[in-house]
Amino acid sequence: MPAGGFSSVTPAGVEFEAKITPIVIISCIMAATGGLMFGYDVGVSGGVTSMPDFLKKFFPVVYRKTRNPGIDGNYCKYDNQGLQLFTSSLYLAGLTATFFASYTTRRLGRRLTMLIAGFFFIAGVVLNAAAQDLAMLIFGRILLGCGVGFANQAVPLFLSEIAPTRIRGGLNILFQLNVTIGILFASLVNYGTAKITGGWGWRLSLGLAGIPALLLTVGALLVVDSPNSLIERGRLDEGKAVLRKIRGTDKIEPEFLELVEASRIAKEVKHPFRNLLKRRNRPQLVIAVALQIFQQCTGINAIMFYAPVLFDTLGFGNDAALYSAVITGAVNVLSTVVSIYSVDKVGRRVLLLEAGVQMFISQVIIAIILAFKVKDHSDDLHKGFAILVVVMICTFVSAFAWSWGPLGWLIPSETFPLETRSAGQSVTVCVNLLFTFVIAQAFLSMLCHFKYGIFLFFSCWVVIMSIFTLFLIPETKNIPIEEMTERVWKQHWFWKRFMDDDEVADVTNGDIAKKNGHANGFDPTSQL
């Protein structure tokens, strides 16, 4: 999501001298708490929406249906547009905030943008925890969404700019890992607060989001801005001093000159979105947009948003539902760690295709069990089948977490050329948040109308995205970004027809030849 940024242009095979300094590690850990906040917001909403006291106060219609399933049946008891708006409003606000965050990231810097995100998060947490009516609750979620928009714009870019090249990929996935840890933390909190008597457990769940919000805010006050950002804003001496500090060496002149040159080239491109639509950039744009749509159409966010609600619908009971959500959250974290170690060894395509098979099989099995065992007015699911459903959902979550989760962000970040990278990443995050909103707003209604068929619906999408991967997504493992055009796009059986050698990018003072080199990009949430 690094809209408005640029990255260093490094010659093929060259790695600048850099130590892994304490300031880099601390800065990255502090910044990555933005992912922790995002993950917590994703995970906490499903938990509180399954708490009777919360439903009784804000959604009395849903509360009555959960108390008496005979009214609407198992699958439809949570079908309520207001309840879905509570979850989805965060992502719509995040989508809108992204456009403003693009400006602040470029003009004010990554650090100040993270600080703005922290303030939005704190304000949203206060309103949510103290909410007296639905309007106050939704407004708090909107403020949290603004925080998501600003944090997701600045944090991944900050991480990829401040980290030494050799550990940049791992630190990018650190953001994604923090998202999954946030989801797990929220599930554990929900499990504990659901047992609180007195009707205020949900306030504690929403209020504890203040911990990662404060960590991000304090972190933004303590860290230094990235050298890229300082140089981009014309503060060359300060940028050079910071570069020397974070690299732990005085031999920073080659990297500094590359950053200055990258800044100059990035500023020459006055119409990056217009360049993005050119024929030679179509492969990267199509793949980036498709990956974001497919990522949401796996059904992962529907499951992570509404895990407790979903398990309760399947007849687990409230306590068991929250417990099952904790299990899936833990699987999500562990599988993301698997991704960190495997992505550069087995490759992107292998992970995507293997996950497609795994997700398809698990969703079909879940659908079959629900079709025969969970009717509109059936009693609790038999224990053996309940365990099998949890195992299959964990199988599905693990496949996503080491494939479509991190790779949905990694692949676009390493394929866009320098002159369109900012615009490309901006489009990537906007499409992702848009479809996240759509799925969040529609899922409970789809569950009501499709019933067990909801899993068959998502499994059909998994087949489509696996076919797309097989034929149209090239392997980018171990290929330097500056060689992507020659070694990937011009060699691909389909995309090579879009690589016209005589086409060049438009700039204000003439044309510049294609220049695809830039530092390894970013990852992000997600998750989600």
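Glycine residues also receive a Cβ, built from the backbone N, Cα and C atoms like all the rest.
Residues or ranges marked as transmembrane segment in TrEMBL: 20-40, 82-100, 112-131, 137-159, 171-192, 204-224, 285-309, 321-343, 350-372, 384-405, 426-446, 452-473. The domain 'Major facilitator superfamily (MFS) profile' feature in TrEMBL is assigned to 27-477.
Counting Cβ pairs under 8 Å to the transmembrane segment (137-159), the stretch among 82-100, 112-131, 171-192, 321-343, 384-405 with the most such contacts is 112-131. Of the recorded ranges 112-131, 171-192, 204-224, 452-473, the transmembrane segment (20-40) has the largest number of C-beta contacts under 8 angstroms with 171-192. If you look at the transmembrane segment (321-343), the same-chain residues 6 or more away from its ends with a CB under 8 A from one of its CBs are 43, 46-47, 50, 169-170, 173, 176-177, 180-181, 183-184, 186-188, 190-191, 194, 303-304, 307-312, 351, 390, 393-394, 397-403, 405-407, 410, 477, 527. Among the stretches 171-192, 204-224, 350-372, the one making the largest number of Cβ pairs under 8 Å with the transmembrane segment (112-131) is 204-224. Remote same-chain partners of the transmembrane segment (171-192), defined as residues 6 or more beyond its termini with a Cβ less than 8 Å from a stretch Cβ, comprise 28-29, 32-44, 46-48, 51, 155-156, 159-160, 163, 204-205, 208, 212, 304, 307-308, 322-323, 325-326, 328-330, 332-333, 336-337, 339-340, 343, 401, 405-406, 409-410, 413, 520-528.
Beyond the ends of the transmembrane segment (452-473), by six or more residues, the same chain brings 286-287, 290, 294, 297-299, 302, 348-349, 352-353, 356-357, 359-360, 363-364, 366-367, 370-371, 374, 404, 411, 443, 446, 494-495 to within a C-beta distance below 8 angstroms of the stretch. If you take every residue in the domain 'Major facilitator superfamily (MFS) profile' (27-477) and average the pLDDT, you get 84.
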